[in-house]
Amino acid sequence: MLQLKLIVHMTREPGARFRPDSRDHTPTYLISFLQIHSISLFISISRASRRYAQSSSEKKMGAGKDEVSALHDLVASAGGCAVVDGGFATQLEKHGAVINDPLWSALCLIQNPGLIKKVHMEYLEAGADVLVTSSYQATIPGFLSRGLSADEGERLLQKSVVLAVEARDEFWEAEGLAGRGYSRALVAASIGSYGAYLADGSEYSGCYGPDVGLDKLKDFHRRRLRVLVKAGADMLAFETIPNKLEAQACMELLQEEDVQIPSWICFSSVDGLNAPSGDSFEDCLAVLNKSRRVTAVGINCAPPHFVESLIRKLRKLTKKVIVVYPNSGEVWDGKEKKWLPSTCFNDHHFGLFASRWRDAGAQLIGGCCRTTPCTVRAISKALKSNY
Ligand SMILES: [Zn+2]
């Protein structure tokens, strides 16, 4: 018997094959045809694209109810585990960009925005379902210290989202993916930790000193968060958070700013057991579990050999979506100013371990520093081979 697998997008998006309206959500004409011809049909209703039908006038800081579920929808439509992209600065450098600068990858927003778009496109081609923007180390104070005005800084932040959205939409159109069962990739606006802005390595120690309290951290993140949401990001990605205090600041900010799009909060880890500050994940998750606005929690830029046990730990501590995107396991030799080769993980290992991480409970898997589109291709192949 002929079997068809069909994803019905409930959307007004141009190109979608079926457009059920509010009076009749079942394409009855199709079902009659299939019955007559004895064809069995599996219908999966994807809600991921509903957000494109939403009026922009409904949007506040983010959007409405459908946007909140966009991340869950993406995970579901990817078969239970979606793919996050890989190292951004790593790939910029592969293309010759020199970003040894406090602004790091954000320097390219000023000098070579076309290259940023190209890297986004490479990750889409490798199978990424989530693009993380180039704003990790892009902050208004950082731009001010480079002699730019606050307005210019905000425009660059906005540009980081626009470049990723353009790449995503162009890829979608070029590949003719509408109506073929794919979910359009989500653009996650990167919000690096306060330590990332300091560029002194404190995102891996969590030691911000006695003068940095909750309010200071919230004030640091507030304006950037507003600009990134307004620029049209699908979600927010707080990255490399090193301690409970900053996680709480991010969570409270989502509430205070009434942010309606999904967000993840990811911690780094240097011992494979705790956040870099030594705060336990039990304590960190006890804080984040209180907020429905934090959609996902997880680990980024930790060595990959920590990841499986950390997923199992987090799985016991939360019902939220778990996201992991470790670095390659290579170690930065600060004295020699070079990366020491990884003894543990290459792209092949990432492919093998992606399935294990999924089985342990991760629902979003990608790579961080020193991973490349080849890494993401291996992850995507492993996760989607049975789907
Ligand atoms: Zn990293």
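Using N, Cα and C of the backbone, Cβ positions are placed for all residues, glycine too.
What TrEMBL says about a protein is an automatic prediction, not a curated fact.
TrEMBL has this to say about the protein:
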- C301, C368, C369: Zn(2+) binding site (BINDING)
- 70-383: domain 'Hcy-binding' (DOMAIN)
Neighbour-count leader, CB within 10 A, binding-site residues: C368, C369: C368
Non-site residues, in chain order, whose CB comes within 8 A of the mean position of the CB atoms of C301, C368, C369 at Zn(2+): G87, T240, S268, N300, A302, Y325, P326, N327, G367, R370, T371
